Amino acid sequence: MPRTQASAAVESLSEDAAQARHAELSRAIERANHLYYNEDAPELTDAEYDALRQELEAIEARFPALTGTTEASAGVGAKPSEKFAKVRHAVPMLSLGNAFADEDVDEFVARVRRFLNLTAEEPVAFTAEPKIDGLSLSLRYEAGRLVTAATRGDGEVGENVTANALTVEDIPATLSGKDIPEVLEVRGEVYLSHEDFAGINARQEAAGKPLFANPRNAAAGSLRQLDPAITASRPLRFFAYAWGEVSEPFTDTQSAVLERFRGWGLPVNPRTKLCRSAEEMIAHYRAIEAERAGLGYDIDGVVYKVDDLGFQRRLGFVSRAPRWALAHKFAAQEAITELLAIDINVGRTGSLNPLARLKPVTVGGVVVSNATLHNEGYVQGVGADGEPIREGRDIRVGDTVIVVRAGDVIPKVMDVVLDKRPADAVPYVFPETCPACGSRAVRELNPRTKKLDAIRRCTGGLICPAQGVERLKHFVSRNGFDLEGFGQTYIEVLFEAGLVKQPADLFRLEFEPLKAAIVARREALSAQRRAEGEPAPKKPTKKKGEEEDKAIKNLLASLEARRKIALNRFLFALGIPQIGESTAKALAKRFPDMPALMAALEAATREQAGRDWLELSALPRIGPGTRDRLFETLDPLPGEAMQDLSLGARLRGRLTPSQREAVLAHYGSEEEADAALERAASQRPGDAYRLFADDGEIGPVATDSLIQFFSEPHNDAAVRALLEEVGTEPLAATTSAAAFAGKTVVFTGTLEKMTRSEAKATAERLGAKVSGSVSAKTDLVVAGPGAGSKLKDAERHGVKVVSEDDWLAMLAEA
């Protein structure tokens, strides 16, 4: 595999740093997957997502023990939405490895030949077909009739969208032709043509509704409607290109499969070609790239597959992708235009997101008038790692900018043409208050780079309307308050009706206002459908009305059942940045209830470290360990007492030569360095702060996040209001009598009867520690299908390995 920037950067990481970066990348990828697959609202371009994925894979290549330890590492998509029934794929829907350069294609072909042990004279053919930018779909036919249609979901479990798929004209309800297998799962892509996409957006605009960002989002949103009538009103299309479970083999090459599909009435992309060398594959890639703008639908690359199915079976799979296939991505498309203004939108997590208003320009056949500017750091010419980007060039209103449309998704401003900058252009100043709620907007210290985060975030938290719905959805989620029945739709209804703006409002709900909000929402949807010429739902019958009343009473009952809740769940439900389930449990172990924790945080806030202390901690060659040893005592050490030195000079003298060099390079002179060291000595954090920050399960990053959250008066008031409605209980202590007390358990491979998070929670409840890697200290490895390197590690260390069924039997006895 060619050396990439990602693999080069990983080479310098220690094991601890790699684990931290792996976790950070996993969180970013899992969020991106959720937004892309479930919300149909991606925040990242394809290129940005691919860069995250490449770095994650580079870390796993160097540290194999991290492979499969997170959803991002093990999965290929996102967990299916709760809105649809779930369908488990008989054969997983995997993703593909990516190529970004011709050299990657050459290496792919060479790798296939090496694996198959082919001589130079032995041929191997590949199919090359356009990579459709739509929504992956699996169609299950039994006896030629469509019985189930499911989205990709997380690759293992998808969403049942059968009723909607049956409304798509390209998808036959019954296959035609002969020799159709008894069971046939057809895999393909649902998409919208450019013409149909423009028509949908025109209707959206006429109805005063939000426009879809691109055809992919529109196609995904249309297929994933709860009402099939809405799907039927949108002209979705479909291309078949692969298969899942089949009752019997029906041909022996990939190209023949596509011909059989065509004969059975399934649409197949006409630009698929059989190639016999890397040169032919790349030539077809270039030809499709040249035709791209005129195809009439979005594609973002070309997919190559080994044609011989026997070869495919021998090549098999590696991690989350087949060895016999590769996606060759297109480079971004560019145009130059003028930046007219910068607007600020507040994201679901409080991020202040700059949006470029552009003089309209055509990019890749699409007229673009808006583009993302990512974040404050990006506008200033600073990357997420704190290092300069674009050679430090900032972006200003009035600039001539280069706009890129990468992966046919979200356009972004890539660079600025300095030669055309107006003389009166001034640096853009980000607002320091949230435009949605007026709370302070801040840039936090990045725990990895020790530099200011590139993103400015609203501190309004629970009271910010821009974040409100998402915060409330998190609050009621399974790992939060776990309020049964309060799905996403109910939260949106209650928020829009003004009944629930913060968590405490949920516990003040009454039957009549709640019912009125639900009825009003239903009537509004009916009116909207009539205006669009769609069939409105029938009025609820008396029986339906009684069922609705019962459902509302059940909602209120679930609220009453949560008037007492464990402290760790309470904390996690608040959605405080950096406070995940593990940190929430650590806090709950140390404090009996929420008032005790808040009192301790008030003391910690008063004893926070000062700016000079933090600045010193971030210097190269210093770090927290050196800093703490340096300030262990301010009294003169032996050998210092005889010298008439200031405190700052004494402290500087305790540094190693390389550390002194770093300090002097930063502060400029010995006098400035000594003064800064003395200020840092007076700004050391107190014991109340270190109670949190020095705790290995909490740490300074989570501590600072807690302090910042509760220092915002709105958040403090919202939590106190919630505490008037509910009480917190101590975390149930794990006793030594617990079945797995003190044991370290590792899960590897695919668990088929419970999710990874369920397995982890069960083990922890029984006293075990769950680890992501196997060592001599591991007591038990639970292995499912697809287990890899961890099995070898277990054998090497003599660790007991059990199957998932064995594990469940052990649980039954616990």
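From the backbone N, Cα and C atoms, a Cβ is placed for every residue, glycine too.
If you check Swiss-Prot, you get these features:
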type: BINDING; residues: ASP46, ALA47, GLU48, TYR49, ASP50, SER95, LEU96, GLU129, ARG152, GLU189, LYS305, LYS329; note: NAD(+) binding site
type: ACT_SITE; residues: LYS131; note: active site, N6-AMP-lysine intermediate
type: BINDING; residues: CYS434, CYS437, CYS458, CYS464; note: Zn(2+) binding site
type: REGION; residues: 527-549; note: region 'Disordered'
type: DOMAIN; residues: 735-814; note: domain 'BRCT'
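Everything Swiss-Prot records as a feature, shown here on the structure.
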| residue | record | Cβ neighbours (10 Å) |
| --- | --- | --- |
| ASP50 | NAD(+) binding site | 18 |
| LEU96 | NAD(+) binding site | 18 |
| LYS131 | active site, N6-AMP-lysine intermediate | 21 |
| ARG152 | NAD(+) binding site | 24 |
| LYS305 | NAD(+) binding site | 24 |
| CYS434 | Zn(2+) binding site | 23 |
| CYS437 | Zn(2+) binding site | 20 |
| CYS458 | Zn(2+) binding site | 27 |
| CYS464 | Zn(2+) binding site | 23 |
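Taking H, G and I as helix, E and B as strand and the rest as coil, DSSP gives the domain 'BRCT' (735-814) the counts 29 helix, 16 strand, 35 coil. In sequence order, VAL346, GLY350, PRO435, ALA436, GLY438, SER439, ALA441, THR459, GLY460, GLY461, ILE463, PRO465, ALA466, GLN467 are the same-chain residues whose CB sits within 8 A of the CB centroid of CYS434, CYS437, CYS458, CYS464, the residues recorded for Zn(2+) being left out. Between the alpha carbons (Cα) of CYS434 (Zn(2+) binding site) and ASP50 (NAD(+) binding site) lies a span of roughly 31 Å.
The recorded positions shown are LYS131, CYS458, CYS464; of these, the one with its CA atom nearest the CA of ARG152 (NAD(+) binding site) is LYS131. Restricting the average to the domain 'BRCT' (735-814) gives a pLDDT of 80. Distance from the CA of CYS437 (Zn(2+) binding site) to the CA of ASP50 (NAD(+) binding site) is 34 Å. DSSP assigns LYS131 (active site, N6-AMP-lysine intermediate) to a strand. In terms of C-alpha distance, the listed binding-site residues LYS305, CYS437, CYS458, CYS464 place LYS305 closest to the residue listed as 'active site, N6-AMP-lysine intermediate'.
The distance from the Cα of LYS305 (NAD(+) binding site) to the Cα of CYS458 (Zn(2+) binding site) comes to 47 Å. Put simply, LEU96 (NAD(+) binding site) is 42 Å from CYS437 (Zn(2+) binding site) when counted between their Cα atoms. The separation of CYS464 (Zn(2+) binding site) from LEU96 (NAD(+) binding site), Cα to Cα, is 39 Å.
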